[in-house]
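Trainee: Input: one structure, supplied below.
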Amino acid sequence: MSDPAPTGRPWRHPLSRAPGLRTLSALILREMSTSYGKSPGGFIWTILEPVGGIALLTVIFSLAVRVPPMGSSFALFYATGLLPFLMFLDISRKVAQSLSFSKQLLFYPGVTFIDAIFARFVLACVVHAIVFVVVLFGIILYDRVELIIDLPGIVRAFLMAAGLGLGVGCLNCFLMRRFPLWANVWAIVTRPLFLISCIFIPYDAVPAGFREVLWFNPLVHIVGTNRAAFYSTYRAEYVQPVYVALVAAIVFGIGLALLFKWHRDLAQR
């Protein structure tokens, strides 16, 4: 006597294979329609937000000092620091909210928490790649800045920011669902990052004693890598991409292990 045919699709182990392309594509399309809407206005705001911040910094500091710390364009100097910083914050936030955003979909056997995480991660990376190109090269054309651009350096900084955002976001995805108070704690902890990530002044201009402490901030290395790619005379010898990769890998591994153990319980919260 033959066994009865299964009545439904089997539950898919979250690490049984890479996220299915169809599932990932569907989640990305859902993310696009939810986050940016069907009109171009939602996406345009994603570009206008950093442009507004850069314009404000440019006006304020151009009134205080005559020349920027590097080059001749205030806007380009602040953009090379602000864009990777905002990219890290946005990716980490999007990844951290993956379970909450796709909570109902996680009960389907074909969708895992890894699908939800990578759908938000991939879309955020694509969006910020577009923002990078539009804003930075828009400033270069507008200010008529002559540069020798190190494209591999820009890609390296982009990947460092993306990797760190994924790692921190993955760990926060567990912490914020398991301990709701952590969202408020994290918001307080990250506020000083805007001031201690060398967005306003180069790392080399920071006093020596404080500089040694700042070195352990991975965002300092990301900002330095991006700036060195746009300013050929800037030697960011303090930058250690391996250190950033190590920090990103550690927090990602811890976050993934915790999610793998607790994702079913967290999805029901």
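Placed from the backbone N, Cα and C atoms, the Cβ positions cover glycine too.
Reproduced below are the annotations present in TrEMBL:
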- 41-262: domain 'ABC transmembrane type-2' (DOMAIN)
- 42-64: transmembrane segment (TRANSMEM)
- 76-96: transmembrane segment (TRANSMEM)
- 117-142: transmembrane segment (TRANSMEM)
- 154-174: transmembrane segment (TRANSMEM)
- 181-203: transmembrane segment (TRANSMEM)
- 242-260: transmembrane segment (TRANSMEM)
Trainee: Decide whether the stretches the transmembrane segment (154-174) and the transmembrane segment (42-64) have at least 3 CB pairs under 8 angstroms, with pairs required to be 6 or more apart in sequence.
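Mentor: No, the transmembrane segment (154-174) and the transmembrane segment (42-64) are not in contact.
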Trainee: Is the count of Cβ pairs under 8 Å between the transmembrane segment (42-64) and the transmembrane segment (117-142), pairs 6 or more apart in sequence, 3 or more?
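Mentor: These two segments touch.
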